[in-house]
Amino acid sequence: MKIKALSKLKPEEGIWLTEVEKPEMGHNDLLIRIKKTAICGTDVHIYNWDEWSQKTIPVPMVVGHEYVGEVVGIGQEVRGFEIGDRVSGEGHITCGHCRNCRGGRTHLCRNTTGVGVNRTGAFSEYLVIPAFNAFKIPAGISDDLASIFDPFGNAVHTALSFDLVGEDVLITGAGPIGIMAAAVAKHVGARHVVITDVNEYRLDLAKKMGVTRAVNVMNEKLEDVMSELGMTEGFDVGLEMSGNPSAFNSMLTNMNHGGKISLLGIPPSDMTVDWNQVIFKGLVIKGIYGREMFETWYKMASLIQSGLDLTPIITHHYKIDDFQAGFDMMRSGMSGKVILDWE
């Protein structure tokens, strides 16, 4: 049976709507009928066919990894799922036999493969994933929100790596993940949450999500904002979401002694860092990759159930046949999360 899918067909800029064979599930898998997908920054990299994509993405391949769907098939060894369950899923498929997997630190598996990156993705009418990777969506959480659990999980993992209660938090990079991390920080009790960027659209979006201050670093100095907020000792926690070298070095300059930094943004490999700031301030820096399996997922659901409102981050919806408009919107930088509807 042929089904619709968005695929990377050629080693050049673009993504194409095509027909592929419906995937077949194994004994430990679920077959999921996709309802909604969201476009990730990774998908934009794949669309643009940048240096990372050229080294990483096999062609041809169905792409996409942010989704919500309904279980329509269950492998014979699978327990705990029923036909009709609403699910999203962890996009990192882990090996199960390395030291970290066996030690319960699955998110640190050295043999990870990625849905829509190294194996068939979710931009399709149907997806097969290991049942281990599926996460049931509680009633009361909308399909829209469920479809962005993957990037929301990046935000939650980054933000909750350190204690935020009563702390002053600096977030560099107001993309959708940075903005969601800011919302999480406010929700769990941070004092001042300051986010920086140069994109006014995204900074306005951050204001709607409740940040203390959204700072365009082209127009304002971070030091002036700190003074305005009555901060005298620097930020306690930094969440680096941009991958921008000047943003990261500005963060180092403005951290308090003993401050803690989570790094999610991917900088150039040759980025220059003022290590004196790290050493003499006694800073702690933690690299973040993906989501903790599955502690982050349970936290995500609980945060929404406890009143965290992420709906402003979803700014655009398109039918799947209009996928090109969705990608154009994401590439413009004038959007939050963009959702593609498969129904």
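Quick reminder: no glycine exception, Cβ is built from N, Cα and C everywhere.
Keep in mind that what you see is a predicted model, and the values were worked out from it rather than measured.
Just one of Ile177, Ile304, Ile313 is listed by Swiss-Prot for the same NAD(+) site as Asp197, Arg202, Leu264, Gly265, Ile266, Ile288, Tyr289, and that one is Ile177. Considering other CB atoms within 10 Å as the measure, the emptiest surroundings among the recorded positions Thr42, Glu66 are those of Thr42. Taking the C-alpha atom of Glu66 (Zn(2+) 1 binding site) as reference, the shortest distance to any of the binding-site residues Cys109, Arg202, Ile288, Tyr289 belongs to Tyr289.
Annotation note: Glu66 (Zn(2+) 1 binding site) sits in a strand segment as assigned by DSSP. Closest in space to Ile266 (NAD(+) binding site), of the binding-site residues given as Cys40, His65, Cys98, Cys109, is Cys40, taking the CA atom of each residue. Annotation for Tyr289 (NAD(+) binding site): spatial neighbours His107, Leu108, criterion Cβ-Cβ under 8 Å with sequence separation of six or more.
You'll find the Cα of Leu264 (NAD(+) binding site) roughly 13 Å from the Cα of Thr42 (active site, charge relay system).
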